Amino acid sequence: MPPFFAEFTESVFRHFRRNEPDEENSAICSEKMSSYGAIGVDDNDTDPLLDDEPPRRLPPAGGVPIGRRRAISASQIGSIPSQSAATRQPYLFTGGLGLRDESLLSLHSEDDLHREHNNALRYRLYNRLDPGGEHLTMPDHVLPPNLFSILPFEELKDVSGKQGSIVTIFSIWNTMMGTSLLAMPWALQQAGLVLGIIIMLSMAAICFYTAYIVIESPKRLQDLSVDPLLAEFSDVCKSLFGRIGEYCAVVFSVCVLIGGVIVYWVLMSNFLYYTGAVVYESMQPNSTTIPVMENKTFTCDVYCPEQTSQWTIPQWEKQLYDAVSEMEGGETGDDSWSFDKFWTLRGTVPIYLAFALFPLMNFKSPTFFTKFNVLGTISVMYLLMFVFSKLLECGVNMDFSNPKSIHYVQLANMHFPALSGTLTLSYFIHNAVLTILRNQKHPENNARDLSIGYCLVAFCYVFIGFTFFAAFPVQRSCISDNFLNNFGAGDVLSSTARLFLLFQMITVLPLLMFLVRSQLFYAIFGQTWPGAIRVIILNVLLIAVAVGFATFYPNVGSILRYVGSISGLVYVFALPAMVYIKQSEAAGTLTPMKKYAHYGIIVIGVANLIAQFVI
């Protein structure tokens, strides 16, 4: 028991002892209290503040046994001796039929009423004390809110276990600010400067509105078997659309998470490869150059990793050829122990990661890894400062008039669906927003906090995208879908970013795997841990898929936009709009304008998906 709690209880005891008139009354107070004035206590409950075995007293002759509470008639009152004034009656006892005020006063003197009132307060106080902030026991399929919190330790929360608006806002911001941040300059280049910024802000508004529908939907349910305070969006879909709605929500939520695992694996392989290359090169005697600097296209410490002819040949075909060449040894085939043979970006490094990280995926509880959630906030801050420092170093390099200039900027581009698809996943928080807001100290501020969170995310995306785009000193077509690839491995700031992000992603990946298995296994088996064998099999399959993408299709931007457009169609556009229409129709508040507007949201999602394969 914490010291402050012991001191508080002792002070309460001293206060109540002062109000107990004599030893006899003190013994009476030690017996079991009535449940009429207490909070849901049976006849078998005992006061936890008293001794386990209170002394038993024999009842007075002809009186009511102490410790037993039964109604007495008016005819029996006169037969009770005078010492019966010390016997206990139910709290808030007002007498039965035929009792006059004089009889009631004879049963309860002023001292007795005061004493029993104090004991009732004591009993209620200790039954209402919160044992640590966990007011409700959540079912297994509901994710713990601290999974997304930026507070690394429970001690940083208040005594109620709740979090304020500032922590809630930054938890929303931290959850959305993911890997798509690295692809934002590339996505902006695909859409053009002006059109891209318009799409960024428009998608933020649409995704915020559908997320708002998600957080309001449990409140409008009337027949939900799960408590609305604990309901997930899949429960809402099940209530309105049956099992099909629940399975759609779960399946596409899992698809988003699997897409996140794949992108994480591609990026971790990239970061580990370049970090290892720098370490190896620095250990060589008389090393003055770093291999990636042989490109010789450095301008303002930025280089073009691929030629601008990337649209002339199928990109997947070129990458497949490169991956096979790397696994066969490439030009270093004559040297069987060459570092370049055993350290390849699309061959060996993703496999090394699989062996190194597989044990971390099989923990039953990921609580330990939630302590590192704050690293996400630090990494985002570092990237913001990193990009801003490059703007100061390189300056603004934009030319709106000369198409032949290397600084020429397109205001609009036909490849804008790459940006809209990426943003659908970038602004995706719909499967976690209810969990995050469940710990909110002031639920009435949920809409405000969600809107502020989306504004912060939109600002960061626009800032990263525009700043890097404006400062890029060569052709914009050279911008990589991971903008750290535009910096040599010898660049100190970019190398630090790679190493820091690698560690941060290693701590987040087990959380993603936990979310995948929790939602998937609960939908199939009704429990989040159906056995170690099933968990291991699922993790092996997921890692195999991730390694395959990292080897044969390591395109972060393309993976983001395809996963975002497919899963976003269902979870961001269709399901929230259909839930709103269904609930408004049941409440009688659905107007034709509202109906067509929400159907329009679904149409936007369909068009976004089709455009990924057309343009």
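Cβ coordinates are placed from backbone N, Cα and C, and glycine is handled just like the others.
Predicted, not measured: the structure shown is a model, and the values here were computed from it.
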**Request:** Decide, relying only on Swiss-Prot, whether PRO443 and ARG561 lie on the same side of the membrane.
**Result:** no
**Request:** Consult Swiss-Prot and report which candidate among CYS460, CYS478 shares a disulfide bond with CYS304.
**Result:** CYS478
**Asked** Apart from its near flanks, which chain residues at least 6 from the ends of the topological domain 'Cytoplasmic' (359-367) lie with a Cβ under 8 angstroms of it?
**Response** 144, 146-147, 506, 509-511, 513-514, 529, 532, 535-536, 539, 542-543
**Model confidence over the region 'Important for arginine binding and amino acid transport' (175-180) (mean pLDDT, whole number)** = 86
**Message:** Is it the case that the transmembrane segment (342-358) and the transmembrane segment (193-213) touch, counting contact as three or more CB pairs under 8 Å in which the residues of each pair are 6 or more positions apart?
**Reply:** no
**Prompt:** When each of 414-434, 452-472, 492-512, 534-554 is checked against the transmembrane segment (166-186) for Cβ pairs under 8 Å, which one has the most?
**Reply:** 452-472
**Message:** For a quick check of packing: other C-beta atoms within 10 Å of the C-beta of CYS478 (disulfide bond), how many?
**Reply:** 21
**Complete:** Secondary structure of the topological domain 'Cytoplasmic' (359-367) by DSSP, residue by residue, totals 5 helix, 0 strand, 4 coil
**Message:** Out of 368-392, 534-554, 562-582, what stretch is closest in contact terms to the transmembrane segment (414-434), meaning most Cβ pairs under 8 angstroms?
**Reply:** 562-582
**Asked** Against which stretches of its own chain does the topological domain 'Lumenal' (555-561) lie, if we need a Cβ under 8 Å and a gap of at least six residues from its ends?
**Response** 179-180, 182-183, 186-187, 190, 259, 262-263, 266-267, 315, 319, 417-418, 420-422, 424-426, 481-482, 549, 612
